[in-house]
Amino acid sequence: MFGQQLASDVQQYLERLEKQRQQKVGVDEASAGLTLGGDALRVPFLDFATATPKRHQTVVPGVGTLHDCCEHSPLFSAVARRLLFNSLVPAQLRGRDFGGDHTAKLEFLAPELVRAVARLRFRECAPEDAVPQRNAYYSVLNTFQALHRSEAFRQLVHFVRDFAQLLKTSFRASSLAETTGPPKKRAKVDVATHGQTYGTLELFQKMILMHATYFLAAVLLGDHAEQVNTFLRLVFEIPLFSDTAVRHFRQRATVFLVPRRHGKTWFLVPLIALSLASFRGIKIGYTAHIRKATEPVFDEIDACLRGWFGSSRVDHVKGETISFSFPDGSRSTIVFASSHNTNGIRGQDFNLLFVDEANFIRPDAVQTIMGFLNQANCKIIFVSSTNTGKASTSFLYNLRGAADELLNVVTYICDDHMPRVVTHTNATACSCYILNKPVFITMDGAVRRTADLFLPDSFMQEIIGGQARETGDDRPVLTKSAGERFLLYRPSTTTNSGLMAPELYVYVDPAFTANTRASGTGIAVVGRYRDDFIIFALEHFFLRALTGSAPADIARCVVHSLAQVLALHPGAFRSVRVAVEGNSSQDSAVAIATHVHTEMHRILASAGANGPGPELLFYHCEPPGGAVLYPFFLLNKQKTPAFEYFIKKFNSGGVMASQELVSVTVRLQTDPVEYLSEQLNNLIETVSPNTDVRMYSGKRNGAADDLMVAVIMAIYLAAPTGIPPAFFPITRTS
């Protein structure tokens, strides 16, 4: 009791002395602190004030009270705040890219700027005028000083210092105080690099380190977690990272998928060992798919701790736990368990839980691990290699596209070039990636050929790390931004008829079935609008019954839609060009064209008093083995070029819908453009890995694609470089 009271009195006395020193110290002593290589926490309040309302002021220790617009300048904010922790950053991490301590020497500033600032003279203000700024300054300064004095922050600083020492020796140091030592098992081989004298981390290893450090700092420092972000930004050399990016490293789960033999487990060993030896009272969990995988990690961590600190501070139960004791009696512990012993981690209270080879652990073990997401001070780090040959051993790929950005995939091939790399047997990396290959692996065409000799596709599925596309795999081809523009931007064609071409194109994709769940007749009326295409009418027609009048019913739907378009745009078109697809039934296609011809001429004749109507033309085709042209269109090899042309125009904003779009079949409560957009969203591209042939389809999840095909083919017929014109009138019979 008396010891606790004495400690409290000493703390209060220290704070009073600190306050008296702050009031007496002068401005000259302030600059001396930084000149001698100190940090901004030694700089007292500089006697100046800013003429800004209090709500627009911000305080930067070592600088003073400024306008808060300075907070929105990342460069200024980063430079000013790095001075807060300058003396605490290990020498190995300060200015190591260029050599020397740039922060203390102010070498990051242009000489002209330094000279200009040195010539500035500020007007002194009365002491009573600067009282609010002085109080605000010391309030913020005391917060950072309390952070510096906290035991948790000291532990973090020691962790950073010791990790820098390990990094300097490429994790070969037998003691944290030494710089040399025998190489450890599977130690990374150093490669001579100009201007580089110590070990480096792979990018994914640095990200794992940042995830672990940021989360432990947030848990241990509590209220000071925000202030320590400045220190960690300086340590990890990310001064311009936004607050959103930093919060990403403090989330409570993350996943890393890394190719084989890239140093995943090798890096986790020193990270876990040093965390145990630096942070007091933490608990770490480590689990893998089998017990044989946890035993070497257990032995390596135990050997590291004993080599660094001696055997007296390390206790372990073989294969289960390792405890590291501190001089004050506190302990840090790591628990090992395999996925075959899920009860080994139940009931534990971890701060970090490493799941090694997570793609290969048992499903019931995954459920046990997920339970730790409910613990506020626990972070789960999944680290695994990939085997994309089986869905059961690549389930973590399902996290792609998650809003929290949980998944981090290390691969040498992007999604766009994956089919080409699969096709070319000598390629091992993507042409658009810079191959930063770890020095302790080999990966070339010979390795790929050898692996595939043992087992086909083993290189792509087991070694490369990316998810190889299976034959028949597909991907969407229309961009989200183009789809949103198609839905929102609809120009008026009734008021801008002068911008439209005089030709109108109609494509009919008939379906002769009464099953409304199967498919229907797609009808699209399209024209040119400047250099773009515009849709005037959309119809998705289903037959009530499959009878002999089906061609007449389909033709009547075409005529009703086309007549409304012509009525809305009087005199705008000189010709109407109709193409009726005849792949399913050529006889029915001819009947549809004949009915459309008859009905349209009757309607145009009744409106003859208003002037001559547009010329009615039909696409004519010569069937195989015949010598007579018939009014139908055979869709053969034109489909793929038509889809590719439409995708290019749609994604570049060259396809629009008229504001006065006509539809007599789509229900009133459904927007015809949205109805078409739903079908367009199902459009996928399938690439054959062996032949690199592209195929397109919209029949995904049982959805219909009739209207989409009609629109795409109508646009292709209207394209200047599309199908050669073969439109002729049907001879009228008396």
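From the backbone N, Cα and C atoms, a Cβ is placed for every residue, glycine too.
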Residues flagged as motif 'Walker A motif' in Swiss-Prot, choosing from 258-265, 338-345, 466-473: 258-265
Range annotated as motif 'Nuclear localization signal' - as stated in Swiss-Prot, picked from 183-189, 190-196, 694-700: 183-189
Residues flagged as motif 'Walker B motif' in Swiss-Prot, choosing from 76-81, 88-93, 352-357, 604-609: 352-357
Positions on the same chain near the motif 'Walker B motif' (352-357), where near means CB under 8 A and six or more residues out: 212, 215-216, 264-265, 268, 272, 275, 282, 284-289, 293-294, 297, 345, 369, 372, 378-385
Nearest of the active-site residues (Glu357, Asp509, Glu581) to Asp706 (active site, for nuclease activity) - Cα to Cα: Asp509
Secondary structure of Asp509 (active site, for nuclease activity) (DSSP, helix/strand/coil): strand
Cα distance (Å, whole number) from Asp509 (active site, for nuclease activity) to Glu581 (active site, for nuclease activity): 5
All-chain count of other Cβ atoms within 10 Å of Asp706 (active site, for nuclease activity): 24
Arithmetic mean of per-residue pLDDT over the motif 'Nuclear localization signal' (183-189): 43
Summary of DSSP states over the motif 'Walker B motif' (352-357), given as helix, strand and coil counts: 0 helix, 5 strand, 1 coil
